[in-house]
Amino acid sequence: MLEVVNIPLESLNLSTILPMAVVIAGALVILGIDLFTKNSSRSFYTMLSVIFIVLDLGAVLYFEGYSRGFFDFMLIDGISILSQFIILIASALFIPLALTSKRFHEFSYPEYYALFLFMIAGFQFMVSSDHLILIFVGLETASLALYTLIAMHNRQSAFEAAIKYFTMGALAAGFFTFGSMLLYVASGTLELNVMAEVLVERDFQPSWLVFAGFVFLCSAIGFKISLVPFHTWTPDVYEGTNSVLAGYMSVVPKIAGFIVAMRFFDIFLASEIEWVRNLLYFLTILTITLPNIMALVQEDVKRMLAYSSISHAGFALAAIMINTTQSTSALFLYWILFLFTNLGAFTMLWVSRSKINHWNHRYDHPYERFSGMARIMPVGAILMGIFMLSLAGVPPFAVFWGKMYLMSSALNSGFIVLALIMAVNSAISAYYYLKLIIYMFLKEPQKSNERDVFMKNATMPLRTIIGLSASVVILSVFFVDRLLDFILKYVEYSGF
């Protein structure tokens, strides 16, 4: 006869799943409202989504220090809190953009908002666990919702993008499960902190099994955060989806992937397994450099920003590879500042979107579209120029501070060559960012009567989000120290 197991409710510490429960409840409320009423506006669903995201953020910031719960599947620590903070801030900035011109019909469906909230919960589960099963559940929940959100744009290119993303996601899921299985065989556990103890005790033997498991899991993570050579899907998928969702994808799925990578790679880096550090060093250099070179030859601004985002992911991987408290703090500082810059840049692409393409019919956002933008829409050109200068790492704009602190952490840890490579690539990237600025300010407008091309979708919510993003980018010099202190406090909670 099976023995009855008595588990006190207090020991489950169910408060650890409260943030995810909030947005899941929000998604179910939206679906329930749609079931009983068919005439609710997207303004109503947008407002509901923002309310639940804000409640979720409040639940996240309620935690301090370190806690586990839900049969030890859940882990709330400093990096979990910081990453959820980034996810929710980005989501709160994204969802009001649904209040745009009526032709973006996907925002009229309540299912869009429900899927978006389910996706947020998936990302939160990913970053709030060190158990490979729950990480996988979160990964697939978020991915399946995101595939659908991309396809709901209802253009041929959006369907193609969703299929490409789904195919790569399915491959990554296969790699993740196979790698997890091999590491389970080697260690007897799927909990990363216990796995680390067991592997260290066994001196990472059997080595071939550990190596194979590492390679498969590293490949899965590489697909999700667009590391070279697993990045090839990224430009096509970003090009096919709508611009602001592409901007969101360049930030939120990647921070979730970075946290998983940080927890997993720390098993090997903390034990000073040299071949792992060398492999990550090589991937870092490759991911920073190759997309930069590819971005130089792009004819479409959106594809250029896609390759740019891959290169920025390489900077984040450098922080993970260095694996110090300073580098981990630099990663979060970098990504918070990158969030506002990149989301602002992609939103500007949407503002200048038009059904009529007078320039290059192969692309939606060729450089020629922005010719003479300073004469047609001077404020828009200045804002886009600020976002480009920030992405290039030009002081005193936001991303400069992230790059500077990250390079400082590399120098302090003895990675002098890596710091030089980051500096050189920042200089290279300035070419394609400045290229867009030259088109906007120094080229003649190709169509003198095309004022309606620009600010086509510039509703008040879009103007507000762009203005807020630009304000953070410009004024970051005044609050970056306090932001860094805030980040450092939570990183130290985690022991990184």
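Backbone N, Cα and C define each Cβ position, glycine as well.
Quick look at what Swiss-Prot lists:
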type	residues	note
TRANSMEM	16-36	transmembrane segment
TRANSMEM	43-63	transmembrane segment
TRANSMEM	79-99	transmembrane segment
TRANSMEM	107-127	transmembrane segment
TRANSMEM	132-152	transmembrane segment
TRANSMEM	166-186	transmembrane segment
TRANSMEM	208-228	transmembrane segment
TRANSMEM	249-269	transmembrane segment
TRANSMEM	279-299	transmembrane segment
TRANSMEM	331-351	transmembrane segment
TRANSMEM	414-434	transmembrane segment
TRANSMEM	460-480	transmembrane segment
Legend entry - For the transmembrane segment (166-186), distant same-chain residues with Cβ under 8 A (at least six beyond the ends): 132-133, 136, 139-140, 143, 147, 195, 199, 202, 206, 209-210, 212-221, 223-224, 233
Legend entry - the transmembrane segment (208-228) versus listed stretches 43-63, 132-152, 279-299: most Cβ pairs under 8 Å: 279-299
Legend entry - Range from 43-63, 79-99, 132-152, 279-299, 414-434 with most C-beta pairs under 8 A to the transmembrane segment (249-269): 79-99
Inset, instruction - Report yes or no: does the transmembrane segment (279-299) come within contact of the transmembrane segment (414-434), defined as 3 or more CB pairs under 8 Å with a sequence separation of 6 or more? - result: yes
Legend entry - Interface present between the transmembrane segment (132-152) and the transmembrane segment (79-99) (three or more C-beta pairs under 8 A): no
Inset, instruction - State the residues, same chain only, that lie 6 or more residues beyond the ends of the transmembrane segment (43-63) and have a CB under 8 A from a CB inside it; answer 'none' if no residue qualifies. - result: 18-20, 22-23, 25-26, 29-30, 33, 76, 81, 84-85, 88-89, 91-92, 95-96, 98-99, 107, 110, 112-113, 116-117, 120, 124
